[in-house]
Structure formats: structure tokens, C-alpha cells
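What follows is a short report on a single structure.
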Amino acid sequence: MCGITGWVDFKKQLVQEKQTMDRMTDTLSKRGPDDSNVWGEHHVLFGHKRLAVVDIEGGRQPMACTYKGDTYTIIYNGELYNTEDLRKELRARGHQFERTSDTEVLLHSYIEWQEDCVDHLNGIFAFAVWDEKRNLLFAARDRLGVKPFFYTKEGSSFLFGSEIKAILAHPDIKARVDRTGLSEIFGLGPSRTPGTGIFKGIKEIRPAHALTFSKDGLNIWRYWNVESEKHTDSFDDTVANVRSLFQDAVTRQLVSDVPVCTFLSGGLDSSAITAIAAGHFEKEGKAPLHTYSIDYEENDKYFQASAFQPNDDGPWIEKMTEAFGTTHHKCVISQKDLVDHLEEAVLVKDLPGMADVDSSLLWFCREIKKDFVVSLSGECADEIFGGYPWFHTADVESGFPWMRSTEERIKLLSDSWQKKLNLKEYVNAKYEETLAETPLLDGETGVDKARRQLFYLNMLWFMTNLLDRKDRMSMGASLEVRVPFADHRLVEYVWNIPWEMKMHDNREKGILRKALEGILPDDILYRKKSPYPKTHHPEYTKGVSEWLKTIRSQKDSVLHTLLDRKQLDQLLETEGSSFKVPWFGQLMKGPQLIAHLAQIHTWFEAYRIDIDER
């Protein structure tokens, strides 16, 4: 993985602006500590930071290729999982290769198919190509949004980067947030509307979208979406296809020239990846596979079972390591480290995040990076197979199911900002826009229509939020994380499996469990879903409460402008329990909400953000 950034301006000679590009590139050092390079000519500048994973010596970027007299230059963040398939096809079409990297294959894919190259790619990617012949920039982002690509148009300049901080390093870009940005933070955060960058004027290429920037202007289009079709496969064929697609996705994503490990929580998703990876390692003579889990200091003492988290992960992890002979590493984070990483998590993400869910992941990825460069993780299974509790309620309610807190959020704002933002209307509009975009089957109505819309909401919003978190926290540790459940072939197939099949044996993710029979031990196979672990330690609550109290004592804190003083005081007095529902997701409440508000203060202060009230 890497960090990319660039600047295109057809009215300026940019070669003399390389110092600015150096600054923009340097902001992405954590994404690519192994190499750094800047390239430019006339109206374009590219910057690249590299984390070397495949073709260590030959994969330097920006990478240029002259083909039939025309020169093309690429910067690319990601990983292709069909590199050799593409290389073979392109060779048959007359292309020659000097290296073994997927970057060169991607560049030749663009040369051969131009904008249609994205239709041929299996992988996670965000990349930009300067096409000298056509005098334009082409850029694209992977189908599910695993890799980020932010951009802005400022005057005649088009600026972009893997992270917002690269764009903000340009002298013409100021850190501002307007009413729309604040509506995102307080109405929808820590998720955000697909395509928005929160900062005024900064946007993100949506998943499965591409763009060109030329003298004719900016053109953006969607190149992929799930398509709703009648599922005609038998149950047995469906099980076999799910198994085959998933096994192929995992196996393809194990390709690397550097050490690979897996996350392992003992849950269904990470265990499935671990089982297949361990078998592959055994077959290839690379065993044992190394696995990693995270736990919290004194969690055995303070763990609180709930409907969402009925039991601790520990015993399940032990079952997996024994069954597959993995070398397991249990990483235990202290409450101090958990609190201390909260501020840095904001700086890594460029936005307020999911409190300790982010900070623990950042710390965890740094522990893994001490010995590994690449890890596989189980994100996306719940979104595509229907694993979350809100898929299983008696009736599919309206509104974002992971966020039932709009009324409570509104009360937290000061009177003046309640009037300025109109959060309820804003949130509902975003919800309705997504429903209207959902690709439905002809004639689909009632519960079937509502359920398909629910899956689409999860894919576009909740899944991209978790992928966003995983990218930023892992790359903040210079660790590449791959997500086999986000393989677009698997997503396309599962999209049309009827709910009754997905719920085989009346179990959440029942079809996936059936597909994994014979691969996983039965007790792991039928373990109830449990989310990412959280701390219940009173020291964490104390730590974040003291942090927010210190912020409250600062007269110039933006929280005094935005929040209702009585609500803030009550939140601190009750250690977060005055806020009656989770701020976001299943477990983000109490001390997590306190930490999130402190992160909002940190964000405004660290980025010196001005509020544009117009």
C-alpha cells in the first residue's frame, strides 16, 4: 500500500512548484515509509510514498511507460489480486513487461482499455494516470471503497490525495467547515455521506466511481454497482458457489513478497479467513500462520456480557489456534495507551472517529507491524450476509439502523446551532437519497424491497465507514490490511441470494456458516456474532472524562460554541449515561461518546478549522 497525491493545473507551469508537492507528499509518510518520490511536467505534479509489498525493487512510483510513442505515468495505492491473469491477457495483446509489480500491470491496463480498465480489475485501489497524449488525468477508486481518494477543485487547480491532510498542505487550501460539514459531524458522524470530505470544498471519489480532469473540466461517473437479478441457483449450488468464491478471494489475497498474517477474534469471519490461510500456508510449506488478537487490560475482571457481546473472545481464539496450529499473538492494550492514542487517531484519520474503537486499532496495528507488513481481516461479512442485529428485527424500521440517536444528538447542540443545522431534515434527506438509489428487482415491494434497501444502506454507509477506519488506522501504522469479504465477485453473488437462504437454519449469516462446514470446527462455526471488543474498565472512563473536563475548562474550545453547556455538564457528571442511546453503532455510548466529543475538540484545534456559517 502507499500514499498518493497530485496537482493538475492547465493554466500554470507546475514544475517550479515541486517544493509544494514535497510538502503534500511528506504528509503521507506513514502510508509509505519505504520510498518517496515526486514527478512532474508542465501542468501536472505527482507525489508518492511507498509501502513495499510486491516487487520490492521494481515497483517504484510514480511509474512511467512509453507505448507506441505515447507516455503514461501512474501513481497507485492498492493491490491487484488478478495481476497474473491481466499480465497474460495483456501480453497476448502485445504488451511487454519489465517488472513483476502490479503497478506496471495496472498502467498497461489503462493503456490498453483507457477508462474501461477498471472493469478488468480485481483488487483494492485508488490510482491516477497522467495521459500525455490526451492531456488529461484519469483517476479511479475500487468498487467497495477500501482505498481512499480525496480531491478538491480550487480555481483552475485540481488537487488530490490519499488523505485529506495532503490537500490541506497546499498553501491555497484552508481548513474550513460549513453548515453541511457540521451536519455531517453531528448528524451522521462518525460515518459520512458517500463522496463528502467534511472540510468545505473537499470531496472523495465515491466507491466504484472514476473521473477525468482535462481542459474541458471535471467529469465523474459510476463504473460499477450491484445488480438485482432473480437468484436461480439451488441451495446446494449456492453453498458451493459461496464457498468457492470466498476461498478464491482469500487465496488470491495471500500473495505477497513480505510476511503475511491474519487478525483472529475467534468469530466466524476472521476464523474463516484464518482457516483457509492456514491451509494454504501448510500446502505451500510456509506454516505456521501467525495470528493476532487484541484484548484490554483487566478485561477478564471488568468484562460485561450483553446481548451484543455475550462472551469474551479468549476461549474461541484458543480453539482456533489449536485446530489450525497457528502461532498466536495476544496483544493487551493498557487503559493509558487506549486514552493516549485517541488524539493521534484523529490526526491519522483527519476527522473525529469512533473513539477507542479507532485508538485501540491504531495501537494494535502498530503491534502487528513490529513483525508483519500485511494482514488479512474479516470486515464486510456482516454487511453482505446480514449479520447485524438490525437485519433481524421483526420489522425493518425507517432511518439509519445504526444511528437511532438523532433526537438526542440535536439536544446536545446549543440552541443557536440546533436552528442553524436542522439535523433531522438533513439526516432524513441522506437516508431517502440512498433508498432512491437502491437497485431493486422489477416489481419488488414490501418487506423484500425494504430489506434490499437495508442491505444497500449497509454497503454504502456502514461498511465504507468501517473500511475507512481500517485503512486509516492500519496505514497510520504502515501496515497493509486486506479484506477478502470485500471481493466484488462475492459481493455481487451474495447480493441476490434470497433472505431465506442467507438465513439458513434460521441463523444470522446461515448460508456462510453452511458454506464453511468442514472448514471450521462446529463450535466456531455456530458461535453467536460478537462485535469488535470494547473496554469496560473504569480507568478508561476516568481518563476520557478528565480529558473532556480539561477541554471544558478552556474558554476558547469550540465545544462551548457548538454544544449546550447543561447537556455537556450532565454528560460528564453521569459518565456518559445521560445520553440514552448509542451515538453510533451498537456500543458507542457512555465513555465512548465522551471521548468522541473530545476528539471533535482536538480536530478543530489541530487543524485550525474555521467555521463558515454562511
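Yeah, the Cβs are placed from backbone N, Cα and C, and that goes for glycine too.
Here Swiss-Prot flags Cys2 as active site, for GATase activity, drawing on similarity to another entry. According to Swiss-Prot, the feature L-glutamine binding site maps to Arg50, Leu51, Ala52, Val53, Val54, Asn77, Gly78, Glu79, Asp102. Annotation source Swiss-Prot lists ATP binding site at Ser377, Gly378. If you look up Swiss-Prot, you'll see 2-216 marked as domain 'Glutamine amidotransferase type-2'. Look at Swiss-Prot and you will find Glu379 tagged as site 'Important for beta-aspartyl-AMP intermediate formation', backed by similarity to another entry.
Recorded features from Swiss-Prot, shown on the structure.
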residue : record                                                        : Cβ contacts under 8 Å, 6 or more apart
Cys2    : active site, for GATase activity                              : Arg31, Gly32, His48, Lys49, Arg50, Leu51, Gln61, Ile75, Tyr76, Asn77, Gly78, Ser162
Ala52   : L-glutamine binding site                                      : Asp34, Asp35, Gly59, Asp257, Val258
Val54   : L-glutamine binding site                                      : Glu79, Thr83, Thr100, Ser101, Asp102, Val255, Ser256, Asp257
Ser377  : ATP binding site                                              : Thr262, Phe263, Ser270, Ile273, Lys470, Val481, Arg482, Val483
Gly378  : ATP binding site                                              : Phe263, Ser265, Gly267, Asp269, Ser270, Ala272, Ile273, Val483, Phe485
Glu379  : site 'Important for beta-aspartyl-AMP intermediate formation' : Asp269, Met463, Leu466, Leu467, Lys470, Val483, Phe485, Ala486
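Residue environment of Asp102 (L-glutamine binding site) contains 27 other Cβ atoms, counted within 10 Å of its Cβ in all protein chains. Per-residue pLDDT, averaged over the domain 'Glutamine amidotransferase type-2' (2-216), rounds to 96.
Of all the Cβ atoms in the protein chains shown, 22 others lie within 10 Å of the Cβ of Gly78 (L-glutamine binding site). For the L-glutamine site, whose binding residues are given in the record as Arg50, Leu51, Ala52, Val53, Val54, Asn77, Gly78, Glu79, Asp102, the maximum C-alpha distance rounds to 14 Å. In the three-state DSSP assignment, the secondary structure recorded for Ala52 (L-glutamine binding site) is coil. Secondary structure at Cys2 (active site, for GATase activity), taken from DSSP and collapsed to helix, strand or coil, is strand. Take the CB of Arg50 (L-glutamine binding site) and look out to 10 A: across all protein chains shown you find 24 other CB atoms. Following the DSSP three-state reduction, the secondary structure of Gly378 (ATP binding site) is coil.
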